Amino acid sequence: MNNIVAIVGRPNVGKSTFFNRLIQRREAIVDSVSGVTRDRNYGKSEWNGKEFSVIDTGGYIKGSDDIFEGEIRRQVELAIDEADVIIFVVDVEDGITPMDDEVAKLLRKVTKPVLLAVNKVDNAMRVDDAIEFYNLGLGEYYTIAGMSGSGTGELLDALTELLPEPEEVEEEEALPRFAVVGRPNAGKSSFINALIGEDRYIVTDIAGTTRDAIDTKYNRFGFEFNLVDTAGIRRKAKVKEDLEFYSVMRSVRAIEHSDICILMIDATRGFEGQDQSIFWLAEKNRKGVVILVNKWDLIEKDTMSTRDYEKRIREELQPFNDVPILFVSALTKQRLLKALETAVQVFENRKQRVATSKLNELMLPIIENNPPPALKGKYIKIKYCMQLPTPTPQFVFFCNLPQYVKEPYRRFIENKLRENYDFSGVPIDIYFRQK
Ligand code: GDP
Ligand code: GDP
């Protein structure tokens, strides 16, 4: 399942160093188009055969000493709401600071497991210094050095002990699970209310309401589906979370729990950084995506055509831009049925399996006419291909020198697949392997 681990602590204790160690630097994908590193605060990790997502809740409040207590509180609240396990990092060099005390106070009230990591324990002498952290009242602690990795193994052993056993390969879910995501005020609750005709998404401010993802089954307009509801989604309606980081991280659980993300953007604001981050979270998790440009009723149609608008969004989505984009209004209920229909279609696209014989019939001639460019005088021969029996589309191409196949050729193959099969809204993985 989707286990979420959150790292909390005041600035400069070494959270991001530890985070990077967990997700391994190679994961830090720099988006070649926009030039921004997009997974500074979120990544996937695995230990003892258990997979989990890691959120560095230090997020955007890095480094400053004049950090407000309110920010730390928000950071911890985010962790409490969204995580299954919380790792609280403190710094042995500084000892217990008043802010550590504040965080500990919040965490002592939590029923979720909290692991206390005393960081920067670079040598044996500092092991003794760590003893004072018992005073935080959180029990046992782990001494680590995020920089060298020392001690992190024991901490991760303890962490994975707390996570449930991995489930057997997930049964094919009969009904699509949709998560409606987007920045605050994009119109998510309005859309959901228009769709299911209830006001159940208007919720009261109850701290600690159930935080796990809940699926609610619906049958609307002839479509059956589950809507994913999480604390993160519910919360957004009431708390004004202006910081991009918080609202993006509040979608993590819903995205991970869904098959298809219905990403709502506000037409009057365009496709901005926050939308991009949420889109990227969905793509990284290999979820299907439909983009709804909402509040289209507010746009002057002579100044802005859907075609121009769509073109601009597609540029932002590069390289994964084979995604349905619909112009809707939750207010006037314009094209809501179409939106639902499209989401169901993307679900079907994501499930489709291409027969091996058909795939080879199609792809081998294409490859023959456009072979991968030779490298260092060596020719690459692709002999055979197949789709793997995985929940999301993955294709493997068997060849003699897989390491010589470069990104542009992988992209070429992906485009050919997309031209010939409907994978609209669905991320595809393509591997080259030695036969
Ligand atoms: P964050 O603000 O909590 O994310 O902290 P950073 O990860 O940015 O680290 C703050 C500083 O502590 C940086 O200068 C790191 O190099 C340093 N640091 C992190 N881990 C260790 C460690 O294990 N030992 C020592 N000596 N320094 C560390
Ligand atoms: P959420 O935070 O994403 O759940 O957004 P809400 O559904 O609460 O909507 C935010 C605001 O935008 C509310 O004032 C809605 O009435 C308004 N709104 C939502 N959808 C539309 C739409 O399609 N057109 C217009 N004009 N306003 C909308």
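Using N, Cα and C of the backbone, Cβ positions are placed for all residues, glycine too.
Quantities reported herein were computed from a predicted structural model and do not represent experimental measurements.
The GTP 1 binding site annotation in TrEMBL covers 9-16, 56-60, 119-122. Under DSSP, Thr57 (GTP 1 binding site) is assigned to coil, being neither helix nor strand in the three-state scheme.
Within 10 Å of the C-beta of Lys188 (GTP 2 binding site) there are 25 other C-beta atoms, taking all protein chains into account. Secondary structure at Lys188 (GTP 2 binding site), taken from DSSP and collapsed to helix, strand or coil, is helix. For 182-189, 229-233, 294-297, the entry in TrEMBL reads GTP 2 binding site.
Sequence annotations record features per position, and here TrEMBL assigns domain 'EngA-type G' to 3-167 (among others).
Over the domain 'EngA-type G' (176-351), the average per-residue pLDDT in this prediction is 83. Here TrEMBL flags 176-351 (among others) as domain 'EngA-type G'.
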Who sits close to Gly9 (GTP 1 binding site): which same-chain residues at least 6 apart have their Cβ under 8 Å from its Cβ?
Lys15, Gly58, Phe88, Val89, Val90, Asp100, Val103
Between Asn185 (GTP 2 binding site) and Val121 (GTP 1 binding site), how many Å separate their Cα atoms?
44
Filter the candidate list Lys15, Val121, Asn185, Lys188, Trp296 of binding-site residues, keeping only entries whose CB is under 6 Å from an atom of ligand 1.
Lys15
Those binding-site residues in Lys15, Thr57, Asn185, Lys188, Trp296 whose CB falls under 6 A of ligand 2, listed in sequence order:
Asn185, Lys188
